[in-house]
């Protein structure tokens with residue numbers, strides 16, 4: 001007999017302690033990892049529901065199991081809301097993660113060994129855009145483009161030259177560490193010149209796009225994928241959308257997700273996605289996303305005043321890359337020092353980085369999580385100053401201790417969950 005009174009704390013105190021400590025860490029530390037965010041209690045409620053008990057292989061109205069009439073409603077709500085949010089006419093809400101969504105696109109549109117052209121991981125791309133350590137670089141002939149060394153922006157001339165030379169079957173747009181605005185129309189124009197598919201991974205900026213403050217790739221791409229967390233602030237998961245109008249492509253995508261790459265969908269996560277999409281359709285979501293960009297730009301301004309180099313010299317979205325080569329500080333050391341001050345970032349390679357990916361010469365910093373807990377420009381500028389204080393005195397633990405106390409105070413003032 002399962003009783004509602006059953007709980008983790010009584011049954012598994014060791015696990016409960018780890019969960020409690022992580023909950024406290026999220027409240028007491030400042031989160032600046034660009035891919036992390038806080039989902040709402042409504043999303044948490046949906047994800048913790050009894051929907052997790054239900055198997056539902058297939059799609060709404062076309063299941064391989066009985067008893068799916070209610071999860072059909074849940075999934076259709078998620079599909080309809082995703083389409084409304086992004087202006088698409090096709091949505092698959094079943095991918096367990098962004099990487100699985102990307103894998104489904106490869107499986108649907110390509111054959112093993114086909115050539116793809118994507119952004120280099122070293123210049124701000126993603127593992128699934130052709131990195132040699134990932135399936136996208138192991139199973140496919142991956143060619144990589146990067147940034148213009150002078151401007152720090154995507155080198156579209158290089159993209160076109162590589163496309164004309166290698167004739168990829170698919171060109172990939174999107175990034176995991178790029179602070180500029182991507183010219184989706186230009187990339188589609190290049191793809192059309194060689195008859196290639198144009199696929200966009202908008203995972204990092206999906207929330208900004210949903211709010212209408214970053215250009216949407218949906219009118220330009222054959223297929224678009226995203227995660228549902230990051231700037232969208234939903235549960236961890238993936239999403240595939242399209243407005244290309246090609247039913248043959250839609251059918252291939254559905255088959256690539258199930259049965260091609262996954263079995264049963266995670267119904268509880270799909271419910272949480274539906275909640276998050278509804279939240280993103282509210283007017284206050286645009287206010288939030290606008291503040292996300294303002295906060296990132298405020299931090300950049302302070303760091304530049306303090307003598308720190310920003311890749312591309314600016315940010316036009318939620319993140320930026322701090323280039324520490326001229327400071328002779330490794331990303332690894334900077335990450336550790338800031339972590340000791342209870343400021344969580346991630347080390348990140350910068351263009352033409354002389355150090356290994358395990359050490360790096362940069363930091364990736366993002367503003368979605370701090371904005372979610374109420375930071376505005378004033379707090380963001382103050383925070384940027386604290387970061388510079390720590391980096392200016394990278395080995396001084398007393399400075400880290402001073403900043404840690406300031407972090408403690410502002411986190412108490414602006415809790416994640418009030």
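Yeah, the Cβs are placed from backbone N, Cα and C, and that goes for glycine too.
Now, the feature entries from Swiss-Prot:
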type: BINDING; residues: 121, 125, 126, 127, 356, 357, 358; note: (6S)-5,6,7,8-tetrahydrofolate binding site
type: MOD_RES; residues: 230; note: N6-(pyridoxal phosphate)lysine
type: SITE; residues: 229; note: site 'Plays an important role in substrate specificity'
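On the structure: features taken from Swiss-Prot.
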residue: 121; record: (6S)-5,6,7,8-tetrahydrofolate binding site; DSSP class: helix
residue: 126; record: (6S)-5,6,7,8-tetrahydrofolate binding site; DSSP class: coil
residue: 229; record: site 'Plays an important role in substrate specificity'; DSSP class: coil
residue: 356; record: (6S)-5,6,7,8-tetrahydrofolate binding site; DSSP class: coil
Open item on the list: Please report the distance from the Cα of the residue listed as 'N6-(pyridoxal phosphate)lysine' to the Cα of residue 126 ((6S)-5,6,7,8-tetrahydrofolate binding site), rounded to the nearest angstrom.
Closed with: 14
Task: Number of other Cβ atoms within 10 Å of the Cβ of residue 229 (site 'Plays an important role in substrate specificity') across all protein chains - done: 26
TODO: Only counting partners 6 or more residues apart, tell me which same-chain residues put their Cβ under 8 Å from the Cβ of residue 126 ((6S)-5,6,7,8-tetrahydrofolate binding site).
DONE: 102, 119, 174, 175, 176, 201, 203
TODO: Would you mind pulling the longest C-alpha to C-alpha span across 121, 125, 126, 127, 356, 357, 358, which the record has binding (6S)-5,6,7,8-tetrahydrofolate, in angstrom?
DONE: 17
Open item on the list: So if I draw a 10 Å sphere around the Cβ of the residue listed as 'N6-(pyridoxal phosphate)lysine', how many other Cβ atoms end up inside it?
Closed with: 28
